[in-house]
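So that you can see what the record holds, here are the features copied from Swiss-Prot:
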- Cys16, Cys18, Cys37, Cys40: Zn(2+) binding site (BINDING)
Amino acid sequence: MKKNIHPQYNVISASCSCGNVIHVRSTLKHNINLDVCDACHPFYTGTQRIIDTRGRVNLFNKRFNKNNKNPFI
């Protein structure tokens, strides 16, 4: 078997925007920043949030509302 062909595993810190820090082993040589983690992700916390990007949720609800008389407007 060949020697020294596998990358070196380093212990890095993955810092979340909520403040949670996770220490993981990786082939990266620097720490990384995360947007969400298991401590703040809505799926794991049981809370749901709707992030409205430029009114797109309202536009979707307006177009596909079942009570709307003309669904093509």
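Keep in mind that glycine also has a Cβ here, set from the backbone N, Cα and C atoms.
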Quiz prompt | Near-site residues: Zn(2+), ref Cys16, Cys18, Cys37, Cys40, CB cutoff 8 A to centroid | solution = Ser17, Gly19, Asn20, Leu34, Val36, Asp38, Ala39, His41
Practice problem: Name, in the order they occur in the sequence, the residues of the same chain whose CB lies under 8 A from the CB of Cys18 (Zn(2+) binding site) and which sit 6 or more residues away. | Solution: Val36, Cys37, Ala39, Cys40
